[in-house]
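Record features (Swiss-Prot):
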BINDING   Cys53, Cys56, Cys59, Cys94  [4Fe-4S] cluster 1 binding site
BINDING   Cys63, Cys84, Cys87, Cys90  [4Fe-4S] cluster 2 binding site
DOMAIN    44-73  domain '4Fe-4S ferredoxin-type 1'
DOMAIN    75-104  domain '4Fe-4S ferredoxin-type 2'
DOMAIN    139-166  domain '4Fe-4S ferredoxin-type 3'
Amino acid sequence: MKNEAYYQAYLSHHHISRRGLLRHVFPATKSTIEKTQSRPPFSAREDLFSAVCNGCGECASACPNGLIQLKQQQATLEIDYAPCDLCGKCAEVCPTNALHPNFPGDTLLRPQFSSACLILQNQTCPDCQTACPLQAISSTLEIDNERCNGCGECKITCFVAAITLK
């Protein structure tokens, strides 16, 4: 039987964040709604976003990096040539509040590494790690999801195009 001493020893060797703890305490609050498209930062939950976004294009016009495109009358985020700096200009101009400055400034995109990655080929390449402004990529290419905001700096920096954002 596990007693208090066991848990104290366990916790002295393992860090548990508040988010991680609450994820297990309140599992029913976890959203089961999956994204169907990559959305701009500061977007509402996918079900609300899909219902509220009217495809007006104000966010696309406001994006200084030209990363927001309209697909099927909905705003999508396309990080191909520049990262998202999470400036919030898209959220400031959204007339329907599908994007709003009070929503999380996270694109919810996370890097995926292909076999072309030099680190996976046992070569030295710290480019994605050093490019990440939040230091969310470890030397073993593990992503710290609590730090990562999906900006795409890692993808843009990768000169072998081994990173996709999903």
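Glycine is no exception: its Cβ is also placed from the backbone N, Cα and C atoms.
Around the Cβ of Cys90 ([4Fe-4S] cluster 2 binding site), the same chain contributes Pro40, Pro41, Phe42, Cys59, Ala60, Ala62, Cys63, Ile68, Ala75, Leu99, each under 8 angstroms and 6 or more positions distant in sequence. Looking at Cys84 ([4Fe-4S] cluster 2 binding site) and Cys94 ([4Fe-4S] cluster 1 binding site), their Cα atoms lie 17 Å from each other. On the backbone, the CA of Cys87 ([4Fe-4S] cluster 2 binding site) and the CA of Cys53 ([4Fe-4S] cluster 1 binding site) stand 20 Å apart.
Most other Cβ atoms within 10 A: among the binding-site residues Cys56, Cys94, that distinction falls to Cys94. For the [4Fe-4S] cluster 1 site, the Cβ centre of Cys53, Cys56, Cys59, Cys94 serves as reference, and the other residues of the chain with Cβ at most 8 Å from it are Asn54, Gly55, Gly57, Glu58, Ala75, Cys90, Val93, Pro95, Thr96, Ala98, Leu99. Sequence-distant contacts (6 or more apart, same chain, Cβ under 8 Å) of Cys53 ([4Fe-4S] cluster 1 binding site) comprise Gln73, Gln74, Ala75, Thr96, Ala98.
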